[in-house]
Amino acid sequence: MASHQSEKEKPQSCTTEVQVSHVTGLKLGLVVTSVTLVVFLMLLDMSIIVTAIPHITAQFHSLGDVGWYGSAYLLSSCALQPLAGKLYTLLTLKYTFLAFLGVFEVGSALCGAARCSTMLIVGRAVAGMGGSGLTNGAITILASAAPKQQQPLLIGIMMGLSQIAIVCGPLLGGAFTQHASWRWCFYINLPVGALAAILLLAIHIPKSVPTSDCTMPAPRAVGVRVILSQLDLLGFVLFAAFAVMISLALEWGGSDYMWDSSVIIGLFCGAGISLVVFGFWERYVGNSMAMIPFSVASRRQVWCSCLFLGFFSGALLTFSYYLPIYFQAVKDVSPTMSGVYMLPGIGGQIVMAIVSGAIIGKTGYYIPWALASGIIVSISAGLVSTFQPHTSIAAWVMYQFMGGFGRGCGMQTPIIAIQHALPPQMSALGISLAMFGQTFGGSLFLTLAKLVFSAGLDAGLREYAPAVSAEAVTAAGATGFRDVVPANLLSQVLLAYCKGIDHTFYLAVGASGATFLFAWGMGQVGLIWWGEERTGFGRDERV
């Protein structure tokens, strides 16, 4: 009986595809530009607020709300990502993407016009709701607009260029706050987002969808009642409960509440129960109705790609958050110059994202790039963990470039693996899971990195500067501790800071090593990803 049900629910492969006319030439360039701008804005929105928070809290007298300015966005984004993937399978691709962009823009406008802290938090939550479908939609649009051989290059361009926002965000936030107003950290999204929307509206984006003999229906214009019947709202509620509780536990643990407090333990237990019930419910309703079909989530290529992207994001954000701390706290440079010092990593990442994408598109081999990424980024993080106050310019330039080189090699490979493993009309669901893995993995590793850094800094102060108050150094912050530390003890405190930062990059070593392991599960080593199979590592599973 069980085997019969499993066989019945297993999605059938599509034998024929609708013949589509892909976008070419200038129009394709405009599509790539538009979706890259949108993803850039989304990532910028997540990082630009960092340097604006002191001014926001001063104006609204809301120091106690600082954590919510980031977590409100994260909570709504994580909770809605699988639902966003489901919507892309039910509705017209371009207009669904524009709807998510519109919600993101409304949230940005609310943040910019906020008259109190509560209004700003609501705006951040609304922006997160819109952002939940942007990266997924951008990748799906590229998959629809271009033939498979071009997609690795285009995805590499989009992901490589948009990641600049993670580093540029704090710099732009500081510039807007200092020379204009913190409100422009959010208002900047409005004209750029409107430009991207106009470009997309002017271009016809085809639907590359197989015939209807597959389990999931093709994207189409349907009524509200039909949409609601297909959305698996109970599944959404259960998954949202899991996402909200696990995110709050990570956000509050160690700061607002002790890790062993009843609140944090209760959140973890509630998240676990919600996830288990969600899994049983999705299995019960079957592949055709589930928000996350079991046949999608259980695919080896899919869950390995999600885990790859989660650990990849953890390593990336460790570099992005703690290298500026090293440059500003230890090297004593301005925020602007710390951004300049990050350019070697950004440059290597952009170049290799484009180069690897082009080569994958020509050869079809993507697993070797994922494996190389794990190795190279692990080595880079290990080298960065040796940073000291007097580390030479040549060393930190080369170590960063190596890290960017490695990240560029592998950043688009999990998306390609998912697109290969699933039928086109199911790929949006798989990519939405990958985006959740990326968001959740990044959040988890930032929480762990914060704990490791604090522990390493405290240990370093006890070892190198026992006469200095650890509480005073921590309270002064990474750019203010020089004002509270005696000049004769500053060099010892810098060593302590290096120890905290170095220990943090041990996490990046581990995360990158994990990407190497999960890369083996993303497909065959010798595989032409657009269909032709060659002899390689193991046997590839196909839907």
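Glycine residues also receive a Cβ, built from the backbone N, Cα and C atoms like all the rest.
Annotated by Swiss-Prot as transmembrane segment, the relevant range among 62-82, 125-145, 461-481 is 125-145. Sequence-distant residue pairs (6 or more apart) of the transmembrane segment (428-448) and the transmembrane segment (185-205) include fewer than 3 whose Cβ atoms are under 8 Å, leaving the two stretches without contact. Residues 20, 22-23, 28, 31-32, 35-36, 38-39, 42, 45-46, 72-81, 83-85, 87-88, 93-94, 96-97, 100-108, 110-111, 151, 154-155, 158, 200, 205-208, 415, 419, 424, 427-428, 431-432, 435 of the same chain lie 6 or more positions beyond the ends of the transmembrane segment (125-145) yet place their CB under 8 Å from a CB of it.
Scored by C-beta pairs under 8 angstroms, the transmembrane segment (185-205) has its highest count with 30-50, from the stretches 30-50, 90-110, 340-360.
Long-range contacts of the transmembrane segment (340-360) within the same chain, counting only residues at least 6 positions beyond its ends with a Cβ under 8 Å from a Cβ of the stretch, are 152-157, 159-161, 163-164, 167, 319-320, 323-324, 327, 331, 333, 366, 369, 396-398, 400-413, 416, 529.
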